[in-house]
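Participant: Below are the structure tokens for one structure; questions will follow.
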Amino acid sequence: MERNLKNVLVISFGFLLLFTAYGGLQSLQSSLNSEEGLGVASLSVLYAALILSSMFLPPILIKKLGCKWTIAISMCCYIAFSLGNFYASWYTLIPTSVILGLGGAPLWSAKCTYLTIAGTSYAEKARKNAKDIINQYFGVFFLVFQSSGIWGNLISSLILSQSSTRVEISEEDLECCGAYNCLTDTTNTTGSAKPSNSLIYTLLGVYTASGVLAVLLVIIFLDQIKSDQAETEKEKLEASPFWSTFLATFRHLKDKRQCLLIPLTMYSGFEQGFLSGDYTKVYVTCALGIHYVGYVMICFAAVNSLCSLLFGKISQFTGRKLLFALATVTNTACIIALLLWKPHPKQLAVFFVFPALWGLSDAVWQTQTNGLYGILFEKHKEAAFANYRLWESLGFVIAFGYSTKLQAYIKLYILLSVLVLSMVTYGAVEYLEAKSSPGTPTVTKKENGGPHSQETYM
């Protein structure tokens with residue numbers, strides 16, 4: 001096997017193992033650690049730390065340690081979060097959430113840098129177009145990586161379904177579920193009865209082992225970047241120190257189009273935060289039990305992955321406007337339906353319809369928003385995508401931050417308001433683009449959206 005491809009597969013399966021654990025844990029936080037909102041508070045802190053990490057750490061760590069060891073050490077930050085869940089408290093989860101957030105940005109940056117250098121290296125040897133090889137490597141990576149949402153949630157559901165503490169849910173208790181949930185009922189022991197400690201420890205043990213295997217896989221099998229390539233990358237990093245990237249991120253806000261895209265970018269964080277932090281708790285866990293959370297999130301991950309692939313291919317024919325309209329209509333319909341729907345175990349299929357439709361919409365928000373950034377800001381991609389990570393992460397922080405303070409119906413109204421605002425400002429961006437180049441059709445091209453589109457998984 002060609003060495004560069006071997007390294008791509010090592011990174012891909014390393015991330016698969018790591019995010020099998022993290023993805024499953026993120027989906028369960030609001031249900032597993034619901035006391036005083038600890039679970040969602042930890043996620044809010046995590047994404048706040050990610051914002052700071054994105055601004056400062058990646059260039060420093062890659063420059064000092066190289067890509068291989070940056071990836072390995074950053075992966076250890078994720079393992080710390082798994083360990084913090086063994087004894088979940090404010091003194092364990094919050095610090096480990098900060099550690100994970102700080103490790104998140106260097107991990108993704110080092111991965112992108114490694115795959116880019118590997119692709120360029122092979123292209124030079126094979127005398128092929130570097131961009132084509134790089135896109136091919138990223139395609140292989142995401143083909144493997146995107147399945148982590150399925151495996152992580154499947155593990156949680158299979159293990160937690162062994163619980164013998166489930167109790168019958170009365171009709172009176174079911175009234176507490178849904179958009180108008182009984183917020184003050186923190187001791188609700190209906191479908192959300194907490195699994196036994198032995199099951200929780202088993203689950204966390206599997207997740208921790210998965211993370212450790214990921215680190216060992218990278219340390220043992222991933223080749224260090226060759227010295228000449230590493231020196232080239234080091235020179236680039238020295239020529240562009242971290243503070244210049246930091247300043248460039250905020251200087252980019254002088255572009256009116258970037259400012260207009262902030263609501264749309266933040267909405268991506270809001271809608272993902274609602275699904276993993278609120279839908280899983282006040283609809284699924286409340287009415288069906290925590291063991292169903294994994295199955296529901298598998299549905300979301302599978303549809304999201306398939307639609308991301310589909311929309312990436314058909315966007316060149318449909319254009320981005322039609323896809324954005326599809327996502328807007330679908331998300332709006334879901335929000336209105338969630339406001340009206342009273343979840344009941346007899347309506348089992350409905351619990352899966354919502355995450356499926358949500359996955360379809362999210363696939364549009366991820367692929368097309370990233371593609372839009374790539375097309376609009378082609379000459380300033382680094383600053384543009386730094387803004388993307390900044391504002392999307394801020395959306396996560398806010399969504400998880402107010403998760404325990406507001407009832408679900410208020411959060412749905414906020415979600416709908418931000419969606420409407422996003423489409424108004426997005427429409428303004430399209431208008432400005434059409435006005436500036438009236439003779440140029442604004443058809444979406446696939447602007448390497450893959451590598452960026454899924455980085456929201458953390």
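Glycine is treated like the rest: Cβ placed from N, Cα and C.
According to TrEMBL, the protein carries these features:
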TRANSMEM  39-57  transmembrane segment
TRANSMEM  69-88  transmembrane segment
TRANSMEM  94-117  transmembrane segment
TRANSMEM  137-160  transmembrane segment
TRANSMEM  199-222  transmembrane segment
TRANSMEM  289-311  transmembrane segment
TRANSMEM  323-341  transmembrane segment
TRANSMEM  347-365  transmembrane segment
TRANSMEM  386-404  transmembrane segment
TRANSMEM  410-429  transmembrane segment
REGION    438-458  region 'Disordered'
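Each of the listed features needs to be described in terms of its position in the shown structure.
Facilitator: Same-chain residues lying 6 or more positions outside the transmembrane segment (69-88) and placing a CB less than 8 Å from one of its CB atoms are 11, 14, 18, 21-22, 25, 32-33, 38-39, 46, 58, 61-62, 95-97, 99-100, 102-104, 106-107, 109-111, 114, 201, 204, 207-208, 211-212, 214-215, 218-219, 222.
Listed by sequence, the residues of this chain that lie at least six past the ends of the transmembrane segment (94-117) yet keep a Cβ under 8 A from its Cβ atoms are 7-8, 11, 15, 22, 41-43, 45-54, 57-59, 61-62, 67-68, 70-71, 73-78, 80-81, 83-84, 134, 137-138, 141, 225, 229, 233, 389, 451, 455, 458.
Taking Cβ pairs closer than 8 Å, the transmembrane segment (137-160) reaches residues 4-5, 8-9, 11-13, 15-16, 18-25, 27-28, 111, 115, 118-119, 195, 199, 202-203, 206-207, 290-295, 297-298, 300-302, 304-305, 308, 448, 450-451, 454, 457 in its own chain, all 6 or more past its ends.
When Cβ-Cβ distances below 8 Å are used as the criterion, the transmembrane segment (347-365) is approached by residues 264, 267-268, 271-272, 275, 279, 283-284, 287-288, 292, 295-297, 299-305, 307-308, 310-311, 323-324, 326-327, 330-331, 333-334, 337-338, 341 of the same chain, each at least six residues removed from its ends.
Under 8 Å from some Cβ of the transmembrane segment (410-429) lie the Cβ atoms of residues 179, 257, 260-264, 266-267, 270-271, 274, 278, 324, 328, 331-332, 335-336, 338-339, 372, 376, 399, 402-403, all in the same chain and six or more residues away from its ends.
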Participant: So what's near the transmembrane segment (199-222) in sequence-distant terms, Cβ-Cβ under 8 Å and 6+ beyond its ends?
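Facilitator: Apart from its flanks, the transmembrane segment (199-222) reaches 6-7, 10-11, 13-18, 20-22, 24-25, 32, 68, 71-72, 75-76, 78-79, 82-83, 85-86, 152, 155-156, 159-160, 162-163.
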Participant: What same-chain residues lie close to the transmembrane segment (39-57): Cβ under 8 Å, and 6 or more beyond its ends?
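Facilitator: Residues 26, 28-33, 81, 88, 93-94, 96-106, 242, 245-246, 249, 269, 273, 276-277, 386, 389-390, 393-394, 396-397, 400-401, 403-404, 458.
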Participant: By Cβ distance under 8 Å, which residues at least 6 away from the ends of the transmembrane segment (289-311) in the same chain are close to it?
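Facilitator: Answer is 23-24, 27-28, 31-32, 146-147, 149-150, 152-158, 160-161, 163, 166, 191-195, 275-276, 279-280, 323, 351-352, 355-356, 358-360, 362-364, 366-368, 453-454.
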